[in-house]
């Protein structure tokens, strides 16, 4: 039996390597930018910071990323990394390759430089790290323990204390177990939600300050789910609304003004397997998406949750991340275990296709990023550079990429997400 499994693993590895070679050969035609960087340790989390600096007389801009480490028994860190991204007029040259560093893709005379600027000691791996929108120096992290940690990275030395001691600015209590979901309220400064394997969602207000030492207790604990809560997200336009998704296959919508924390305002059986992630559309107040172990992304309208608006099908395995583009109302991306990051365009739903095109996927599947050879752990849309995405995978690889303009500029469609709201699937 073991030898059969080994044989299957070898075959799969060979297929993955073959696919990667084909992908790499085609990058000049598919991308305007590709930077591949091998991190010292895999990161389970990635998020662009909102700041960008354009050094005078240079053909690149400086961007920053929040990363974490997932080491094998060595000291873990919360990391802020600096990235050089070329200006539009700098020439991208996909043939530039540095196989020693595991890097390729450059532009002009500048290699895509990525360097760790700040490393802060962390207790165990960083399951997820997210900055506070009102003050991006403040970063919350999910740990392998039940605590959620908060760091102001300006108050920590750039190089970590060799003792390995983790010294967060706040320690948020309320959970019994670890988890992944984490969401700051973009309308109420300091209000943080966290999802946990203990079946609950906790809410903290870090402005309330610690009661003793650095400990802040949860302001509310929401107990509606009957299984591991995988993800949680604040609504982007309503300060009191949030959504949560769980292994009980449910999507729940909560209102913090409600008198009860045990029953959501709305709940729906969202998928036929665990629901792993959700994302509210930044432009349309009623639209959200969920991703699931059933290999689909579902589109929802808050005004009628009984009816699923649309199901996006193309992934071959569990979906763990779904994020709307910050720049385009109809653009959504998803990723997960199948090593693929799919970019979807809602405005193309229902378009006619040739039989040949239909074999590649539905009309709304705009792009498949095939550069990863391991499960994708997280990805983030760059808030300053439209169509630039950073994705990280379990094999230490981080990729910063932008699909070729002719792919998304095909013909600009005028359908908005709000026009799709009335159409059920």
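Along the chain as shown, the residues are counted starting at 1.
Using the three backbone atoms N, Cα and C, a Cβ is placed for every residue, glycine included.
Here Swiss-Prot flags 2 as N-acetylalanine, drawing on a large-scale study or a structure entry.
Residue 3 (phosphoserine) has a Cβ environment of 7 other Cβ atoms inside 10 Å. Per Swiss-Prot, phosphoserine is recorded for 3 (among others).
What Swiss-Prot records for 4 (among others) is N6-acetyllysine. Proximity of residue 4 (N6-acetyllysine) to non-local residues of its own chain (separation of 6 or more, Cβ distance below 8 Å) is seen for none. Secondary structure at residue 4 (N6-acetyllysine), as computed by DSSP, is helix.
Marked as ubiquitin cross-link by Swiss-Prot on the basis of similarity to another entry: 4.
The SUMO2 cross-link annotation in Swiss-Prot covers 4 (among others) and is backed by similarity to another entry.
Residues or ranges marked as phosphothreonine in Swiss-Prot: 10. When secondary structure is read from DSSP and collapsed to three states, residue 10 (phosphothreonine) falls in the helix class.
If you look up Swiss-Prot, you'll see 95 (among others) marked as phosphoserine.
According to Swiss-Prot, the SUMO2 cross-link annotation covers 101 (among others).
Around the Cβ of residue 119 (N6-acetyllysine), the same chain contributes 77, 78, 79, 158, 159, 160, each under 8 angstroms and 6 or more positions distant in sequence. The N6-acetyllysine feature in Swiss-Prot is assigned to 119 (among others).
Swiss-Prot lists 128-173 with the feature repeat 'WD 2'.
If you look up Swiss-Prot, you'll see 155 (among others) marked as SUMO2 cross-link. All protein chains included, residue 155 (SUMO2 cross-link) registers 11 other Cβ atoms within 10 Å of its own Cβ.
Marked as N6-acetyllysine by Swiss-Prot: 159 (among others). According to its DSSP assignment, residue 159 (N6-acetyllysine) is coil.
If you look up Swiss-Prot, you'll see 159 (among others) marked as SUMO2 cross-link, on the strength of similarity to another entry.
Model confidence over the repeat 'WD 5' (275-312) is summarised by a mean pLDDT of 98. The repeat 'WD 5' annotation in Swiss-Prot covers 275-312.
Residues or ranges marked as repeat 'WD 6' by Swiss-Prot: 318-369.
DSSP classifies residue 354 (phosphoserine) as coil under the three-state reduction. Proximity of residue 354 (phosphoserine) to non-local residues of its own chain (separation of 6 or more, Cβ distance below 8 Å) is seen for none. Per Swiss-Prot, the feature phosphoserine maps to 354 (among others).
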Rounded to the nearest Å - Cα separation of residue 10 (phosphothreonine) and residue 155 (SUMO2 cross-link): 48
Cα-Cα distance linking residue 155 (SUMO2 cross-link) and residue 3 (phosphoserine), given in Å to the nearest integer: 53
Residue 10 (phosphothreonine) CB neighbourhood, other CB atoms within 10 A: 10
Residue 159 (N6-acetyllysine): tally of other CB atoms within 10 A of its CB: 10
